[in-house]
Amino acid sequence: MINASLTELRAALDARKISSVELATLFLDRIERLDASLNAFITVDRDGALEAARAADARIAAGDAGPLTGIPLAHKDVFCTEGVLTTCGSKMLANFVSPYDAHVVSLLKTAGAVSLGKTNMDEFAMGSSNENSHFGPAKNPWDTTRIPGGSSGGSAAAVAARLVPIATGTDTGGSVRQPAALTGVTGIKPTYGVVSRYGMIAYASSLDQGGAFGASAADCAQLLTAMAGFDPRDSTSLERPAEDYSRELAAPAAARPLAGLRIGLPKEFFGAGMADDVRAAVEAALDGYRALGATTVDVSLPNAQLAIPAYYVIAPAEASSNLSRFDGVRYGHRAAEYRDLAEMYSKSRAEGFGAEVKRRILVGTYVLSHGYYDAYYLQAQKLRRLIAQDFQAALAGCDVIAGPTSPTTAWTIGEKSDDPVQMYLSDIYTIAVNLAGLPGLSHPCGFGAGELPVGLQLVGDYFSEARLLNAAHRFQQASDWHLRRPAIAA
């Protein structure tokens, strides 16, 4: 059961081969046994999980089960969960118990999924390694001296180690796709606005988007189907018909299932900066796509190299505004001693926020300040439009764009902690996708030096999630990279 797909788990639950309570207990016991070495979870909600599992068993007995009824999952600790700690990986919210559920959490509860707890993350989703968490870094299950990626590193590590079959995450500049690549799982960030941000603690509002982790594209498709949908409480939520992202996956197997699919290869993604072992795995995966009938064409994203500087103006600017609400008055950390209100604000924020969060708040405040707004923020927004236009021009000549998800495999804990620029460069292939608001997916495609996973990124046009998932699914039907498990998951 530990390594079963969602389809296999659904069949076992429906056939009464295992109950929801037994399944939840199986994974909860694994968390208790293994998470001390991974630190993938901030909060484990055993009592709440078993209560939800009993309710799921009642639904199954009544013939009212949906695809996710009784399926265990975990939520990134950026999603508000009623009655359960919601920390966002920060001292500022270390004791915050949310009074309501995020829209995503509510949808998955309604679907009957069983939440086992909340996963570790970089503080306020600011980071690429999960080292910025107030609760200590999550560890990569393939090598616990290495990072799992970030900011959704806990969710990725939990799925890779089979502490849960699926997990939610968020992606602002690569925070689902990059950890998916570094831990050898599949992760998808949908088109901006497809998943509601209501109850998802904000970092950069024009970039944040909920996403899904699973062992396979098929598992991600089922989770994303349940997460997506219009929410009037989120002004950026898109009102679109409900979509089943699994709809193309059941087609009969064919010798060349991807015949006619044109894959664009941006020259900017295959230049200097990509590690040799990553390049070898990515090129072998592209050969695999060609063997399935796809053709590859060269495309260009001429402004892609400007994505990181544009992002690190726009995202901190939005963060400086979003995080101004954490002042120690209504909720969150409050300094123990202060002389007046102003000192309470300053001391509470100084004590509650970590170094990277403070760095980004300072940068954001600076670029929005009088005299610098035009020079920095407006210029970054212009670059953002150019990057989006580049993607549209490239996608006019292909169906999906492919390349590496991360320029390297997972690095050792502490290796880049003192060099923010090197840390930021780890998202060089993912950030542009967020700036354009496009859907992106990462799936395992091989291993690099030290038997560390490598991910291939697929990017599509707006609302092409089903196409990306289908392409990844066909690749996974013909390969077994997504079935490889770290020794800790045995």
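Please read every residue number as a count from 1 along the shown chain.
Cβ atoms here come from the backbone N, Cα and C positions, even for glycine.
Keep in mind the model is a prediction, meaning the values are calculated, not measured.
Over in Swiss-Prot, the protein carries these features:
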- LYS76: active site, charge relay system (ACT_SITE)
- SER151: active site, charge relay system (ACT_SITE)
- SER175: active site, acyl-ester intermediate (ACT_SITE)
Between SER151 (active site, charge relay system) and LYS76 (active site, charge relay system), what C-alpha distance do you get in Å?
9
SER151, SER175: which of these active-site residues has the sparsest Cβ neighbourhood within 10 Å?
SER151
How many Å lie between the Cα of the residue listed as 'active site, acyl-ester intermediate' and the Cα of LYS76 (active site, charge relay system)?
11
Please give me the CB contact count at 10 A for LYS76 (active site, charge relay system), counting all chains in the structure.
32
